[in-house]
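Student: What TrEMBL shows for this protein is this:
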DOMAIN    24-281  domain 'Glutamine amidotransferase type-2'
ACT_SITE  Cys24  active site, nucleophile
BINDING   Cys300, Cys446, Cys501, Cys504  [4Fe-4S] cluster binding site
BINDING   Ser347, Asp409, Asp410  Mg(2+) binding site
Amino acid sequence: MENSSLKPLQKNRGKVLTGLTHECGIFGAVGKSIFEGKEKYEIAQIVHIGLEALQHRGQESTGIATTTGDDDFHVHKGMGLVKDVFKRDDIKSLPGHIGIGHTRYSTSGASTNVHSQPFVVHSMHGSLAVAHNGELVNCGSLRKMVLDRGVGLSTHSDSELITQALCLIPPDGEVNGPDWVARIRHVMHLAPLSYSLVVMLKDRIYAVRDPYGNRPLCLGKILTQDSETTSEHPVLNGYTNDDDTEISDGWVVSSESCAFLSHTRYLREVYPGEIVEMTQYGIKTMDIVPLPVGKPHAFCIFEYVYFAKPNSIFEGKEVYEVRSECGRQLAIESPIEADVVGSVPESGNAAAHGYSQQSKIPFRELLAKNNYVGRTFIQPCNRMRQVKVSLKFSPIASNVRDKRIILIDDSIVRGNTMGPIIKLLRRAGASEVHVRIASPPIRYPCYMGINIPTSEELIANRLKLDEIAQKVGADSLKYLSVDGLLQAAQKENPDKKKGHCTACLTGNYPGGVPKDLEW
């Protein structure tokens, strides 16, 4: 049942008419030196490549900030895709051996260039740049506190709010200049979720993950071109090259490990509540802020279901394998006699393979996807959206004609896309279409960085299961259970303490129902 204390959503939320959107992806890189003998903007290139790999996490705006070791940060950002915002000359304008980047889709703050990240502020102790993935659940109270301290805010973005809050002196004061770890820790106590952050100073980056571990963040290293190895494990002033024997040119941090390509290598996740310092000497854990007493960890379950790339690694597992396991669980929970199993590409592919393996019903490609069709949500009416769906997907008639089909997808949000897809399959000759969804029904809004529509717009919150099936034109429709999803995500998990946020499915919010949101 809908909680009556949840207020209407922010103005900019829920505007996408199909699917879900994630708020953003973040990336940072630190070189061991100024990259002597190399291009002085190589770090900017590494950050740029990382952002391209994270483009799926936000397509609205993007930006990069770099430093050469002084307070004069170099920044370029703008509206649009990474490939459109950054040209060759833009990358050349970003020298330095330290850099952070961001790719954004808005959940708080309007879709304008002023909200593009990273945010840069100039404090009495030097420049500070911040990129943020997530959404503060207590944005209202934190905003009031910052404004009461005499700090002006130029946007309604909670990411700028975090940046300004980091400039405040912590309660215990500071002795010899700014204590940035204490400042970060203070902000983490003020706002326990939801965020992953990269915070850039002139000589270092801090990688920060909220105590609940709600948003993902992981560490990697920049490999040398010749991939030399050493038997030593260098440690200098507490910094470590981790338990790794490869010589590196530096270190990277990213929302997802899919951004670690041939020039970088995955090391580990940033732990929930961890503050990691990254310098040219290595990486070092500075502190781990604990969870509030009695609260479990709450990694967003929809990273597995929907957002992350299938080759990303979370909690020691590849996302593809979890999605495949969701399909196997779905086949156990909701079997049906059929001739073929297929998917809505590419979102349902992994689960469809899992369903096929478990059910022994052969997998076939049912739809050819045109990746060059624009997003359907910008169309002004249902007729035009359906036309765009038919442009985006084309039935493979030989795999569809006279077949009883099990159609797998990862989720149904509003139901605007599934109906037209089923019509395409029926027109191509499908005798039956049974829809199986590899996640539970989405019934509640998210306040932690995912742009889930209002409850009234969520089809599973308005209609019963048979009514949804009738609306989209399916012969039958079944969802994966919450227990089935958790079982898939936690399968062979050696750390039983790890938990997952299922708030959009169950209405159980990890920090409780937000009380002071400006919704």
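The first residue you see is number 1, and the count goes up from there.
Backbone N, Cα and C define each Cβ position, glycine as well.
Please treat TrEMBL annotations as automatic predictions, because they have not gone through curation.
On a predicted model such as this, the values are computed, not experimentally measured, just so you know.
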Student: So among the binding-site residues Ser347, Cys446, Cys501, who's got the most Cβ atoms within 10 Å?
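Tutor: The residue with the densest Cβ neighbourhood is Cys501.
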Student: Taking Cα atoms as reference points, rank the recorded positions Cys24, Ser347, Asp409 by distance from Cys300 ([4Fe-4S] cluster binding site) and give the first.
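Tutor: So, spelling it out, the nearest of the recorded positions is Cys24.
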Student: Just to verify a number: CA distance, Cys501 ([4Fe-4S] cluster binding site) to Asp410 (Mg(2+) binding site), in angstrom, no decimals.
Tutor: 17
Student: Considering Cα atoms only, can you say which of Cys24, Cys446, Cys504 is the nearest neighbour of Asp410 (Mg(2+) binding site) among these recorded positions?
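Tutor: Spatially nearest to Asp410 (Mg(2+) binding site) by Cα position is Cys504.
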Student: Report, in whole Å, the straight Cα-to-Cα distance of Cys504 ([4Fe-4S] cluster binding site) from Asp409 (Mg(2+) binding site).
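Tutor: Cα to Cα, Asp409 (Mg(2+) binding site) and Cys504 ([4Fe-4S] cluster binding site) are separated by 18 Å.
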Student: Excluding Cys300, Cys446, Cys501, Cys504, which residues of the same chain place their Cβ within 8 Å of the centroid of the Cβ atoms of the recorded [4Fe-4S] cluster site?
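Tutor: Those within range, site residues removed, are Asn214, Ile301, Phe302, Met448, Ile450, Ile452, Thr502, Ala503.
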Student: For Cys24 (active site, nucleophile), what residues in its own chain, 6 or more apart in sequence, show a Cβ-Cβ distance under 8 Å?
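Tutor: Within the chain, Cys24 (active site, nucleophile) has Cβ neighbours under 8 Å at Arg57, Gly58, His102, Thr103, Arg104, Tyr105, Gln117, Ala131, His132, Asn133, Ser255, Gly449.
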Student: Identify which of the binding-site residues Cys300, Cys504 has its Cβ surrounded by the largest number of other Cβ atoms within 10 Å, counting every protein chain shown.
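Tutor: Of the binding-site residues Cys300, Cys504, the most buried by Cβ count within 10 Å is Cys300.
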Student: Between Cys446 ([4Fe-4S] cluster binding site) and Ser347 (Mg(2+) binding site), how far is it from one CA atom to the other, in Å?
Tutor: 21
Student: Let me make sure I understand the structure: which of the binding-site residues listed (Asp409, Asp410) has the fewest other Cβ atoms within 10 A of its Cβ?
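Tutor: Minimum Cβ neighbour count within 10 Å, taken over the binding-site residues Asp409, Asp410, occurs at Asp409.
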Student: For the C-alpha pair, I'd like the distance in angstrom between Cys504 ([4Fe-4S] cluster binding site) and Ser347 (Mg(2+) binding site), rounded off.
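Tutor: Here the two Cα atoms are 19 Å apart.
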Student: Once Ser347, Asp409, Asp410 are set aside, which residues in the chain still have Cβ within 8 Å of the Cβ centroid of the Mg(2+) site?
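Tutor: Leaving out the recorded residues gives Tyr306, Ser343, Val344, Gly348, Ala351, Ile408, Ser411, Ile437, Ala438.
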Student: Determine the mean pLDDT over the domain 'Glutamine amidotransferase type-2' (24-281), rounding to the nearest whole number.
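Tutor: Average per-residue pLDDT within the domain 'Glutamine amidotransferase type-2' (24-281): 84.
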